[in-house]
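One structure, pasted below without further comment.
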Amino acid sequence: MAHAPEPDPAASDLGEERPKWDNKAQYFLSCIGFAVGLGNIWRFPYLCQTYGGGAFLIPYLIALVFEGIPIFHVELAIGQRLRKGSVGVWTAISPYLSGVGLGCVTLSLLISLYYNAIVAWVLWYLLNSFQHPLPWSSCPPDLNRTGFVEECQGSSAVSYFWYRQTLNIAADINDSGSIQWWLLLCLAASWAVVYMCIIRGIETTGKVIYFTALFPYLVLTIFVIRGLTLPGATQGLIYLFTPKMHILQNPQVWLDAATQIFFSLSLAFGGHIAFASYNSPRNDCQKDAVVIALVNSMTSLYASIAVFSVLGFKATNDHEHCLDRAAPQGESGPPSRNILSLINEFDFPEQSISRDDYLAVLMHLNATWPKRVAQLPLKVCRLEDFLDKSASGPGLAFIVFTEAVLHMPGAPAWAVLFFGMLFTLGLSTMFGGMEAVITPMLDVGVLPRWVPKEALTGLVCLACFLFATCFTLQSGNYWLEIFDNVAASLNLLILAFLEVVGVAYVYGMKRFCDDIAWMTGRRPSPYWRLTWRVVSPLLLLTIFVAYITLLSQKPLSYRAWNPKYELFPARQEKLYPGWCSPPACCCPCCPCCGSRGSRFAQLLTRRRMWRDRDARPDTNTS
């Protein structure tokens, strides 16, 4: 057997009692469910479309091969070999690295707070999808019922439902506002569902994961089949995947590709370490790392086809509406009747100008009668402009895609499927996030052994719910953006760097390779050793420096929804106030604080053990 760290007797006892997965499928689906999350649906398609379509896949695949898969392999291997959560793993490797484990727990807890708030938003939309017509299909009437709400008319029915009827968002982060009771109830329901699914750890999540991990693939397949049959789907996919190689000269493309791989695989959370710790010690973790990472990336591509086939349909519909139809009820802007305007101005026969001939006719008339054409209230209608109106994050799910669903026959059914898919995706990711928190707590023994695991899980979920109520305030969305853009990004980069350096240079490359050979039956190839020693650390360090550089060049800001803004419905760019800076700046210090805190905790534990030993009566005296 290869040399491995000798566990103490107490750890061995815990290892014998450690639960195990019922079968390999449960573990495999749990890792996929944790890795494949909301970002695969609403961030990867946006990045792929923004950065040159097919050209974006080049830096994406490079980052996958030299950053994503190697670090993912490290997490699965150390969790499986040492059979502990993140805190126990890094403490076993070196007491000086125990802060890495505590940093993973702290960060997973922090991310779970706002991630489940997003799941609560999804639940709110899911519940509102069981009605016809959908509540975001038209503007509500004003108080006098003589027209429509002015804010809705100035924007759109979809945006109004999201910003006003769902978030009831404040115009400034300084205005905290009140708790929105409907979001509070959805948040409580979301945490209740999470608690019921993780109440007994992998014993319960292993059963639920069959549905939460596989249902999104069923819905994606349905959307792909339906989307490809919609008019305009081809234009959407062509626009998505048409390579623009010149855009690779932009360093931002490479930075976003690397960070997307990193966050998509849920690296440095500690969840994969916890999941792997319940594996058989002889499991082939190398094969698991490669297969799960490839499945995750293929899911992102598959989701892009589903999303942009539907968005291509929406863009085509909006383009046709721009050409020859008036604005529908509740939408902003004057009616656009380009074709009708040309027919009336030049006395053409009705229906003599088709949509396909519009541009040719317009160019001819503009060349022969430029003054008459210039006086017409024509709107610029280019399909590319409508395809450009993509969005990332909640904007894609709650605004762009919900508007696209409105144009599809049987809109409520498609809305239920879409938000049901997002809800199960969010739950699967939450399972891994909470496992990353609870497993180390059980390993360390935060509570006495007589306290059941169900009680510890309930206390953690209750505490998370109470802290997450800040996201149900009218300013909650602005706070969520701080957590997501600053706290998560920087901390994950730091922790991942410490992980790969800790294994390669503290635990020792030879020792680590011996362990992998014992577990899998073969030693790691030069590719793995080179990436662990040099490539991955340098790549992570480069990403971190580039990220810090970008943050330093532009002050922290947020985009406020302000109906009184002169450019409304455009969102107003505002700087975060000074009192917001300390929380944002303190968040990246979690790993360092965790390291110091863990060393202090070890000191207190030793002193308590010495005190108990001194206070114990001497049994040798008579």
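Even glycines carry a Cβ here, placed using N, Cα and C.
What TrEMBL lists as transmembrane segment is 27-45, 57-78, 99-127, 181-202, 214-241, 261-278, 290-311, 413-434, 455-474, 486-509, 530-550. The Na(+) binding site annotation in TrEMBL covers G33, A35, V36, N40, S264, N296, L425.
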For the transmembrane segment (181-202), find every same-chain residue at least 6 residues outside the stretch whose CB is under 8 Å from a CB in it, and list them.
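19, 21, 26, 30, 116-117, 119-121, 123-124, 127, 166-167, 208, 212, 275, 278, 427, 430-431, 434-435, 438-439, 453-454, 457-458, 461-462, 464-465, 468-469, 471-472, 476.
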Go through the chain and flag residues at least 6 beyond the ends of the transmembrane segment (290-311) whose CB is under 8 A from any CB in it; none is fine as an answer.
28, 31-32, 35-36, 40-42, 44-45, 48-49, 60, 64, 68-69, 72-73, 217, 220, 223-224, 227-228, 230, 233, 236-237, 239-240, 261, 264-265, 387, 390, 396, 400-401, 404-405, 408
Cβ within 8 Å of the Na(+) site's Cβ centroid: which residues qualify beyond G33, A35, V36, N40, S264, N296, L425?
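Output for this site, in sequence order: I32, F34, G37, G39, L265, S266, T299, S300, S428, T429.
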Which residues, given as numbers and ranges, are at least 6 beyond the ends of the transmembrane segment (413-434) yet have a Cβ under 8 Å from it?
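Apart from its flanks, the transmembrane segment (413-434) reaches 30-31, 33-34, 36-38, 40-41, 108, 111-112, 115-116, 118-119, 122-123, 125-126, 129-130, 134, 193-194, 197-198, 205, 208-209, 211-213, 215-216, 219-220, 222-223, 226, 266, 269, 271-272, 274-275, 397, 401-402, 405, 457, 460-461.
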Which listed stretch (27-45, 57-78, 261-278, 486-509, 530-550) has the most C-beta pairs under 8 A with the transmembrane segment (99-127)?
486-509
Six or more residues beyond either end and a Cβ under 8 Å away: which residues meet both conditions relative to the transmembrane segment (530-550)?
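For the transmembrane segment (530-550), the list is 63, 66-67, 70-71, 74, 251, 255, 258-259, 262, 489-490, 493-494, 496-497, 500-501, 503-504, 509, 512.
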Find, among the binding-site residues listed as A35, N40, N296, the one whose Cβ has the highest number of other Cβ atoms within 10 Å in the structure shown.
A35
Enter the number of other CB atoms within 10 angstroms of the CB of V36 (Na(+) binding site).
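There are 27 such Cβ atoms around V36 (Na(+) binding site).
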Same chain, outside the transmembrane segment (261-278) by at least 6, Cβ under 8 Å from its Cβ: which residues?
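For the transmembrane segment (261-278), the far contacts come to 18-21, 27, 30-31, 34-37, 39-40, 44, 60, 63-64, 67-68, 71-72, 75-80, 82-86, 89, 101, 104-105, 107-108, 111, 202, 285, 293, 296-297, 300, 429, 432-433, 435-437, 439-440, 488-489, 491-493, 495-496, 499, 543.
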Does anything in the same chain, at least 6 positions from S264 (Na(+) binding site), have a Cβ under 8 Å from its Cβ, and if so what?
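Set apart from S264 (Na(+) binding site) by at least 6 residues yet with Cβ under 8 Å, we have A35, V36, G37, G39, N40, F44, G68, N296, S297, S300.
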Checking distant contacts: for the transmembrane segment (27-45), what same-chain residues at least six beyond its ends satisfy Cβ-Cβ under 8 A?
21, 76, 118, 202, 205-206, 209-210, 212-214, 216, 240, 260, 263-266, 269, 271-272, 275-276, 278-279, 288, 291-293, 295-296, 299-301, 303-304, 307-308, 390, 392-394, 396-397, 421-422, 425-426, 428-429, 431-433
Counting only residues 6+ away in sequence within the same chain, which have a CB under 8 Å from the CB of G33 (Na(+) binding site)?
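Residues satisfying the criterion: I209, T212, A213, L425, S428, T429, F431, G432.
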